[in-house]
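First comes the structure, then the notes that go with it.
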Amino acid sequence: MEIVSIGNQTITEFVLLGFYETAELHLLFFIVFTLIYTSIIIGNMLIIVAVVSSQRLHTPMYFFLANLSFLEILYTSTVVPKMLEGFLQEAAISLAGCLLQFFIFGSLATAECFMLAVMAYDRYLAICYPLRYPLLMGPRWCLGLAVIAWLSAFMVGELIVALMAQLRFCGPNHIDHFYCDFMPLMGLACSDSSIAQMTTFILSVVCLTVPFGLILTSYARIVVAVLRVPAGASRRKAFSTCSSHLAVVSTFYGTLIVLYIAPSAVHSQLLSKVFALLYTVVTPLFNPVIYTLRKKEVHQALWRLLYIKQTETLD
């Protein structure tokens, strides 16, 4: 990776401008996003603890949900702490740190795209093929799908960052964003970034549209299967679950598609940052609630764990 000089000055770090347009609201933003970040960490940690501690939750669905929760913790922790720092003071980050942040964040975002598709496929098999489900989604297949989602995502991130590391960054060293995102960084490159941009565009199309298409197909087939069930509480519950899942998934994929496949549709950098908040903060906040914390089995597992801890303390 090359460090480039401008005159007698050498660029060794970037400054993340964050939401400099609303400086008067920075203290309020710091408090709000600190509370949101804390909620994300606690919510996802509760899910992981519940799944690990309860034998009843050792099923494919909860295995994938625990993976998603672990992913969400890493995902938000890559971006939000630096964003919070920017609300209090100038947030500086080294060139190597900037590329590392994008690598980790981009890889985890891609992994979430794949994991959400795997979870939708799992629900499709469970609802449409209930008798064959234990065979179709056995332990080895579950583990294999999770490993493929994680490894393939980090391979995609590694390829993009390897191309970015070949670029020369001549300045200015101010990144108009709250984290090291791809397009703001490309705007600071003074060497030809066409290969990196084209590769990222192609990979974005594949990694976003294919999983999203699989999710829509899975839920369409689930809806068809549910419509065959006589009207009643079960059908209403199924439709409520599907609609809430699709709302969160559509927000996540929709904002990523707009920012990485059709960035020209966003006409201001402030709007781009607001869109980025949807997939960096909002969906990680709602995912634990929508997918897991509303489920009775999780409530029972957490209450049982709390009761055991209280009993051990009294003894």
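Glycine residues also receive a Cβ, built from the backbone N, Cα and C atoms like all the rest.
Just so you know, TrEMBL annotations never went through curation; they're auto-generated.
Keep in mind that what you see is a predicted model, and the values were worked out from it rather than measured.
Residues annotated as transmembrane segment in TrEMBL: 27-49 (among others). Sequence-distant contacts of the transmembrane segment (27-49) (same chain, six or more residues past either end, CB-CB distance under 8 Å): 19, 65-66, 69-70, 72-73, 76-77, 80-81, 83-84, 87-88, 281, 284-285, 288-289, 292-293, 298, 302, 305.
The domain 'G-protein coupled receptors family 1 profile' feature in TrEMBL is assigned to 43-291.
As annotated by TrEMBL, transmembrane segment applies to 61-80 (among others).
Residues or ranges marked as transmembrane segment by TrEMBL: 92-121 (among others).
Per TrEMBL, the feature transmembrane segment maps to 141-165 (among others).
Per TrEMBL, the feature transmembrane segment maps to 201-227 (among others). Panel annotation: around the transmembrane segment (201-227), residues 110, 113-114, 116-117, 120-121, 123-124, 127-128, 153, 156, 159-160, 235, 238-239, 242, 245-246, 249, 253, 256-257, 260-261 of the same chain, lying at least six beyond its termini, place a Cβ under 8 Å from a Cβ of the stretch.
Summarising the annotation, TrEMBL assigns transmembrane segment to 239-262 (among others). Tertiary neighbourhood of the transmembrane segment (239-262): same-chain residues 109, 112-113, 116, 120, 182-183, 200-201, 204-205, 208-209, 211-212, 215, 219, 222-223, 226, 272, 275-276, 278-279, 282-283, 286-287, 290-291, selected by CB-CB distance under 8 Å and a gap of 6+ residues from either end.
With a cut-off of 8 Å between Cβ atoms, the residues of this chain six or more beyond the transmembrane segment (274-293) that come close are 33, 36-37, 39-40, 43-44, 46-47, 62, 65, 68-69, 72, 75-76, 79-80, 109, 119, 177-179, 181, 244-245, 247-248, 251-252, 255-256, 258-259, 266, 299. Here TrEMBL flags 274-293 (among others) as transmembrane segment.
Sequence-distant neighbours of the transmembrane segment (92-121) (same chain, 6+ residues past either end, Cβ-Cβ under 8 Å): 1, 3, 11-16, 61, 64-65, 67-68, 71-72, 74-75, 78-79, 82, 145-146, 148-150, 152-154, 156-158, 160-161, 164-165, 169, 175, 179-182, 185, 207-208, 210-212, 214-215, 218-219, 245, 249, 252-253, 256, 279, 291. Outside the transmembrane segment (141-165), and at least 6 residues removed from its termini, the chain residues within Cβ reach (under 8 Å) are 1, 60, 63-64, 67, 99, 102-104, 106-108, 110-111, 113-115, 118, 182, 185, 195-196, 199-200, 203, 207.
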